[in-house]
Amino acid sequence: MSQLAILPILVPLLAGTLLLLTRRWIPLDLRRGLNLSAAFLQLALAALLLSRVETGDILVHALGNWPAPYGIVLVADRLAAWMLLITAALACFALLFAVAKGTDRGSRHFHPLFQLQLFGLNGAFLTGDLFNLFVFFEILLLASYGLLLHGGGAERVRAGLHFVALNLVGSTLFLFAAGTLYGTLGTLNMADLAVAVSRVSEENLGPVRVGGLLLFGVFALKTALFPLHLWLPTTYAATSAAVAALFAIMTKVGAYCLLRVGTLVFGPDAGPLAGLYADWLLPLAVATLILGSLGALAATRLRTQVGYLVLVSVGLLLTALGLSTRSGMGAGLYYLAHTTFATAALFLIAELIANGRGQLSDRLDPGPVIPLAGWLGGLFFVSGLLMTGLPPLSGFVGKLAVLRATLETPIWPWLTAAILGSSLLGIVAVVRSGSLLFLRAEGRAEDPPPVSAPLSNILPILALMGICLALTVWAEPVLKLMTEVGEQLLRPGDYIQAVLAPNAGRASP
Amino acid sequence: MEVLMSAMIGVLTSIGIYLILRARTFPLVIGLTLLSYAVNLFLFASGRLGVGQPAIVSDSSMGYADPLPQALVLTAIVISFAMTAFVIMLSLKAYAELGTDQVDGRQDEGDAS
């Protein structure tokens, strides 16, 4: 059954290729149907995969049956399956919104790019090889460049140019890091790297540390960790809502890689290099948290503000993961799922609000009353609750879990103060924009934009919020599962054994 | 050979970084290209430098050329090639849309060298 681990990569690749080849011949509705069915198929596959690995099994698929570390392996453990599930669910609803809103009408390449983006994301979560991770990064980035620029416009091109240039420099750094690690340790398979790092000789210690920290820099750039966070708000604000919603998972790819490499390669068994990432992660995460809240407070446009709120959530997420404890990781991974869906919902709402305000768009100035203000205001209110972590929804549960996890560290007063302070700033920011947009609105827009099928626009948002509601209702089982994910991450021995000695692992369960 | 190789990588990298910091699209593209050249050489060297090493291991040979970095470099070249093409197209589009080749879209700021 190890083939199950490759299916989440094959489905989007084949669907994307098919959509690319047939983009001129088959009608738009059929292409939409194809794309949606591929997305929902991935959701089913991810759920199946999670149910398979939930018991603690690690599925390893050796490509071409070349055994690790000589061949490339795909590894599905609890963390990978959980990330796949989040990605697939997010993709389904972002795509539904894109279809309802007609974002995909602009060019024929939207649907193929969407699937290729999923191909890169799923591959990055599943691969067990460092260089392969680089390749999947490039795939997902190239697709994201296309999606980001989809629709054109000066602002989008400018933000896109920054995003592309930064990420190309990041890719170069990734290659330097991979070269350094290969040159000193002689392998790129992550499980094998972990073994090699634990046995690293004194003279190679320096280069390995440099390589590891270069990788940290690359992942920090993808996650938008302070001080590499400046690209995020402008980029996310410039693109279309459906794409921004899908990008909600992009920062999490960086967080995933930090977690994977930080626990596996530089994990507890790594000898002198153990915890190489954890020392850097926590202070930078707290700085991101605080700067993100200040940015959200200072933002003059709604979508920029949402971008800064993404930074806040990245900061909180990495604070939890940076604790390197079982409960911290559990809380962080729960919060990761919640914040992905909540951010996506807020981006979609921001686009609908901006569309309803004519010339003013999403600038935070009092303007005309928005069509459907009741619906949108209600949705904005709920997503504000979600983003700022107020009770009774999943944001609160996640934040509470993170706060409880911080109590185990000696520096907890500082961490709790930072988290609660940033929450307060976030609440002030969201309340301010909510009251500006809805309560201080007067009159009608001069030429009210035609409201096309409002309900189908709102349904994907409601679905995303439904997921958050489900996360709230079933908070306990989900948190328990996440704690188990954290447990598995803190025991990298299982992963290493599953990859390097698959037969031995099967004999002794 | 080691000194020559490391000097080359260093020079390429520093020129690349300098050009990227020029904040204009054409130097940016050249800078990114030079940086990718540097990293290709670096990856190539990570399999150790050697001359006349056989590609296939045999009992009679003293060593062999590590094939993995060569495969990595090949992949990296293909990817950077595609990326360069993409950045060039994007720069042209940015020039058409923004009317300037400054990366922030600002008008000239006395950088008329």
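Glycine residues also receive a Cβ, built from the backbone N, Cα and C atoms like all the rest.
So that you can see what the record holds, here are the features copied from TrEMBL:
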type	residues	note
TRANSMEM	A:6-22	transmembrane segment
TRANSMEM	A:79-100	transmembrane segment
TRANSMEM	A:121-148	transmembrane segment
DOMAIN	A:128-420	domain 'NADH:quinone oxidoreductase/Mrp antiporter transmembrane'
TRANSMEM	A:160-185	transmembrane segment
TRANSMEM	A:206-230	transmembrane segment
TRANSMEM	A:236-259	transmembrane segment
TRANSMEM	A:280-300	transmembrane segment
TRANSMEM	A:306-325	transmembrane segment
TRANSMEM	A:332-350	transmembrane segment
TRANSMEM	A:370-390	transmembrane segment
TRANSMEM	A:411-431	transmembrane segment
TRANSMEM	A:451-474	transmembrane segment
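The transmembrane segment (A:306-325) is not in contact with the transmembrane segment (A:6-22), judged by fewer than 3 CB-CB distances under 8 Å for residue pairs 6 or more apart in sequence. Against the transmembrane segment (A:6-22), the recorded stretches A:121-148, A:160-185, A:451-474 differ in Cβ pairs under 8 Å, and the greatest number is found for A:121-148.
Tertiary proximity for the transmembrane segment (A:411-431) is limited to same-chain residues at least six positions away from its ends with a CB under 8 Å from its CB atoms, namely 286, 289-290, 292-294, 296-297, 299, 305, 308-309, 312, 315-316, 319, 384, 387-390, 399, 402-403. Spatially, the transmembrane segment (A:236-259) is adjacent to the transmembrane segment (A:79-100); three or more Cβ-Cβ distances between them are under 8 Å for residues at least 6 apart in sequence.
Long-range contacts of the transmembrane segment (A:451-474) within the same chain: residues 89-90, 93-94, 96-97, 100-102, 334, 337-338, 341-342, 344-345, 348-349, 352, 356, 371-372, 375, 379, 382-383, 386, 392-395, 397, each at least 6 residues beyond the stretch ends and with a Cβ under 8 Å from a Cβ of the stretch. If one looks beyond the transmembrane segment (A:79-100) by at least 6 residues along the same chain, the residues whose Cβ comes under 8 Å of a Cβ in the stretch are 8, 32, 35-36, 39-40, 42-43, 45-47, 49-50, 52-54, 110, 114, 118, 121-122, 125-126, 240-243, 245-246, 248-249, 252, 256, 259-260, 333, 336-337, 340-341, 344, 348, 453, 456-457, 459-461, 463-464, 467, 481-482, 485, 488-489. Sequence-distant contacts of the transmembrane segment (A:206-230) (same chain, at least 6 residues past either end, Cβ-Cβ under 8 Å): 137, 166-167, 170-171, 173-174, 176-178, 180-181, 183-185, 197, 200, 250-255, 257-258, 261, 265-266, 273, 276-277, 280, 284-285, 287-288, 291-292, 310-311, 314-315, 318.
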